[in-house]
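TrEMBL lists Asp27, Ser56 with the feature Mg(2+) binding site. The annotation sn-glycerol 1-phosphate binding site is assigned in TrEMBL to Tyr175, Leu176, Glu177, Ala178, Gly179, Ser180, Gly181, Gly206, Gly207, Gly228, Thr229.
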Amino acid sequence: MKLQLGKVESYIHEKLTKEKLHFVLLDPDDVPPETAGKIAEMGEEIGVDAMMIGGSTGAEGEVLDGVVKAIKESSSLPTILFPGSHGGISRYADALFFMSLLNSRNPFFITGSQALGAFTVKRYGIEPIPMAYIIVEPGETVGWVGDAKPIPRHKPKIAAAYALAGQYLGMRLVYLEAGSGAPQPVPPEMIGLVKRVIDVPLIVGGGIRTEEQARTVVEAGADIVVTGTAIEKAGSLEKAREKLEELNRGIKG
Ligand SMILES: CC(C)=CCC/C(C)=C/CC/C(C)=C/CC/C(C)=C/COP(=O)(O)OP(=O)(O)O
Ligand SMILES: O=P(O)(O)OC[C@@H](O)CO
Ligand SMILES: [Mg+2]
């Protein structure tokens, strides 16, 4: 077996040699296809690097397919699934974060759902990208749904230990997640320690709403920043555009 990175993973590595990346997460349960398409189109103009699609609840079947298709029709950004379970797989997406929730108490979220989804990913020909998913306090909905034991915010070393374990298990990305809509992003001290310990790219998401917060997360060591709620809940497409621009400035400098 020869290790060969897929198209989307290669794109990520290629881009990371030049700049920090901004991924926008849309939840098909909250955003209709037409709006998702428009956000992706604006995102591409502004310099967003990829669209992530998923949610903890309800992001499945036709609702999911509709959003992925709309994004593909209105932009050429890579579409990466961010599944809450094996139900969150759409044949229309380019890639999928094949994630294991390392600090879950429930084996379903560590390997069970992955086994149930593996053949679907193969059949659809979606590019799986192995990823260590680590939930930090407060964890919000995904912390509860994923039955996580959230990493205490003042214990960066525990996060770093999980991240390094993920890398040693062969995962090629590490995602530190404070939870969608978290009151505060993952603390900079934790991002910094995790970044110093691992060699694979570090993704950070959850609670990033302002340019200042995005900049802090990047300066602390994040390679890829995920924003979702701030854009989904901007209030109008015009405001979503302003938010995308603001967050993108914080990330790209
Ligand atoms: C790889 C395969 C097939 C499955 C992995 C399944 C795993 C491990 C899931 C982790 C646990 C989980 C419930 C993740 C959900 C991730 C997610 C999409 C969160 C963000 O969604 P938002 O819509 O921003 O927020 P909500 O949590 O409010 O829906
Ligand atoms: O919705 P927000 O708070 O931006 O979080 C994005 C992502 O990390 C959630 O999984
Ligand atoms: Mg959601």
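Quick reminder: no glycine exception, Cβ is built from N, Cα and C everywhere.
No curator has checked TrEMBL annotations; they are predicted automatically.
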Checklist outcome for this item: Sequence-ordered binding-site residues within 10 Å (Cα) of Asp27 (Mg(2+) binding site), taken from Tyr175, Gly179, Gly181, Gly207, Thr229, are Thr229
Item to check | Neighbourhood of ligand 3 - binding-site residues from Tyr175, Glu177, Gly179, Gly181, Gly207 with Cβ under 6 Å | outcome: none
Next on the checklist: If the criterion is a C-beta within less than 6 angstroms of any ligand 1 atom, which of the binding-site residues Asp27, Ser56, Tyr175, Gly207 pass it? List them in sequence order.
Outcome noted: Asp27, Ser56
Checklist outcome for this item: The largest Cα to Cα distance in Å among the residues Tyr175, Leu176, Glu177, Ala178, Gly179, Ser180, Gly181, Gly206, Gly207, Gly228, Thr229, listed in the record as binding sn-glycerol 1-phosphate, is 17
Item to check | Largest tally of Cβ atoms lying within 10 Å of a Cβ, found at which of the binding-site residues Asp27, Glu177 | outcome: Glu177
Item to check | Contacting binding-site residues for ligand 2, chosen from Asp27, Tyr175, Gly181, Gly207, Thr229 when the Cβ sits under 6 angstroms of any of its atoms | outcome: Gly181, Gly207, Thr229
Item to check | Inter-residue C-alpha distance, Gly207 (sn-glycerol 1-phosphate binding site) and Ser56 (Mg(2+) binding site) (nearest angstrom) | outcome: 16
Checklist outcome for this item: Other C-beta atoms within 10 angstroms of the C-beta of Gly207 (sn-glycerol 1-phosphate binding site) total 23
Checklist entry - What's the CA to CA span in angstrom from Gly181 (sn-glycerol 1-phosphate binding site) over to Ser56 (Mg(2+) binding site)? => result 12
Item to check | Rounded inter-Cα distance in Å - Glu177 (sn-glycerol 1-phosphate binding site), Ser56 (Mg(2+) binding site) | outcome: 13
Item to check | Conformational class of Tyr175 (sn-glycerol 1-phosphate binding site) under the three-state DSSP mapping | outcome: strand
Item to check | Ser56 (Mg(2+) binding site) to Thr229 (sn-glycerol 1-phosphate binding site) - Cα separation in whole Å | outcome: 13
Checklist entry - For Ser56 (Mg(2+) binding site), what is the secondary structure by DSSP, using just helix, strand and coil? => result coil
